[in-house]
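A short worksheet on the structure shown next.
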Amino acid sequence: MAIYQSVGATATVQGDSGANSSTVRRRRGGGATSAMPLEKVELDAFEGESSSEELAKDSSSDDNNNGNGVDDASKGNRQQNAADFSAVNFDYRPSFPAHRRIRDSPLSSGNIFKQQSHAGLFNLCIVVLVAVNSRLIIENLMKYGWLIKTDFWFSSTSLSDWPLFMCCLTLLLFPVASFIVEKLAQHKYIPEPVVVILHIIITSTSLLYPIFVILRSDSAFLSGVTLMLFACIVWLKLVSYGHTNYDLRALAKSNEKVEGLPSTLSMDYPYDVSIRRLAYFMLAPTLCYQPSYPRTPSIRKGWVFRQLVTLIIFTGLMGFIIEQYINPIVQNSQHPLKGNLLYAIERVLKLSVPNLYVWLCMFYCFFHLWLNILAELLRFGDREFYKDWWNAKTVDEYWRLWNMPVHKWMIRHLYFPCIRHGVPKGVALLIAFLVSALFHELCIAVPCHIFKLWAFIGIMMQVPLVLITNYLQNKFRSSMVGNMIFWFIFCILGQPMCVLLYYHDLMSRKVKTE
């Protein structure tokens with residue numbers, strides 16, 4: 001079967017591969033027309049490879065070559081007419097094949113993660129979230145009224161936390177003590193075993209001192225958490241400072257260059273103890289010490305201002321969700337381990353949504369806004385503070401992606417040192433989770449004055465979850481399964497349950513104290 005075509009200009013028809021082409025031309029001399037077999041036509045009008053566009057281009061080139069005095073308007077009209085003529089008379093004839101290759105549906109498992117734009121579905125999810133949360137906001141206001149108090153940001157009771165503030169300021173003395181020890185070690189005034197013992201004393205005191213102050217003071221929970229987080233950061237930085245300098249001294253003594261070592265840590269860079277480098281490290285958004293860091297050329301002041309405004313907005317949003325939504329839900333709940341099981345499940349599910357919003361706001365405020373602001377002011381170049389943890393397929397992958405400063409510290413100063421000393425990988429991983437669980441327990445239990453080990457147990461439960469999610473991921477071979485399991489555990493089983501447990505234990509402690 002053949003398609004007979006009469007076209008006013010030469011049209012080159014390209015196929016899907018672009019390798020074969022055929023020409024359709026109307027002969028000026030008479031009514032003879034050329035026949036073009038259908039099997040030689042490789043055209044896909046439904047994929048945008050329409051011959052009308054090529055016809056318009058060819059027609060335009062012919063006009064430029066043959067008619068020198070034609071204006072732009074007439075050219076455009078001829079191109080449009082030629083394109084319409086070709087589309088009607090050639091591209092969409094009844095005999096033109098509509099199905100010419102194997103294709104999957106856009107939402108099929110083979111295509112959903114490959115070169116498919118789902119922006120429309122993402123916009124739909126945003127609209128649904130806005131609609132649902134708007135209804136919840138109205139329902140909450142009708143049920144509880146406006147719960148944000150005038151003393152939300154600052155009150156007279158905040159002045160009673162001055163011992164914690166003074167403790168926070170005195171923590172700066174511990175980096176100075178570490179610097180003095182390293183300076184003495186550099187000049188070989190004290191032997192290496194004494195250096196190690198002094199660093200252990202300094203780092204341990206920097207952590208025990210805030211714990212003692214918080215336990216002796218009847219301070220607010222938020223103030224205690226802030227001081228404990230600051231103390232933990234100081235401890236991690238001082239451990240890295242002492243461990244790195246110990247290794248640099250060992251390299252200097254052996255005069256060996258380790259293959260693959262970065263130039264900033266190789267012996268091409270002279271080993272030197274400087275108070276300026278220590279001060280920069282204590283302020284920099286990193287937990288791993290090194291003599292030099294990649295630096296950006298300048299500070300973007302306008303960018304810093306915009307990020308600060310965003311930080312204030314999201315911090316206020318986080319406080320609003322806590323006061324207006326989480327507090328009423330928690331106050332109207334029972335102890336999840338002592339009350340009705342179905343009622344406890346209902347409270348956990350109701351708490352999971354606002355708790356997730358607060359956690360996401362906290363992550364965005366600290367890891368993205370604050371750390372980037374600090375990095376910009378210090379011109380700190382390496383700003384990989386997190387990776388795409390939201391795509392984590394397993395619990396193990398989540399812990400390796402969401403907090404890169406802590407992850408790099410664990411790898412550098414805990415995991416690989418254990419491996420180098422002959423500790424099996426499984427045991428080294430267990431030690432890393434154990435240290436993480438201890439610090440989580442300190443940051444929550446000490447400000448609450450409650451040592452029920454809920455945070456410790458919650459972190460240590462990640463170890464079997466790592467094994468389970470790894471097994472399921474290998475079994476199903478699907479990123480969707482592992483990611484859904486991760487989000488279910490993250491949103492429902494973990495944080496909401498810990499919030500309820502600590503709240504009721506804290507209320508019980510207050511009742512007993514009164």
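Here the Cβ of each residue, glycine as well, is placed from N, Cα and C on the backbone.
So that you can see what the record holds, here are the features copied from TrEMBL:
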type: ACT_SITE; residues: H440; note: active site
type: COMPBIAS; residues: 7-23; note: compositional bias 'Polar residues'
type: COMPBIAS; residues: 62-71; note: compositional bias 'Low complexity'
type: REGION; residues: 1-78; note: region 'Disordered'
type: TRANSMEM; residues: 121-142; note: transmembrane segment
type: TRANSMEM; residues: 162-181; note: transmembrane segment
type: TRANSMEM; residues: 193-215; note: transmembrane segment
type: TRANSMEM; residues: 221-239; note: transmembrane segment
type: TRANSMEM; residues: 303-322; note: transmembrane segment
type: TRANSMEM; residues: 356-378; note: transmembrane segment
type: TRANSMEM; residues: 427-447; note: transmembrane segment
type: TRANSMEM; residues: 453-472; note: transmembrane segment
type: TRANSMEM; residues: 484-504; note: transmembrane segment
Stretch-level contact, the transmembrane segment (221-239) and the transmembrane segment (427-447), CB cutoff 8 A, at least 3 pairs: yes
Dominant neighbour of the transmembrane segment (162-181) in 121-142, 193-215, 303-322, 453-472, 484-504, by Cβ pairs under 8 Å: 193-215
Long-range environment of the transmembrane segment (484-504) - Cβ separation under 8 angstroms, sequence gap at least 6: 326, 330, 333-337, 344, 347-349, 351-352, 355-356, 359, 392-395, 398, 444, 448, 450, 452, 454-455, 458, 465, 469, 472
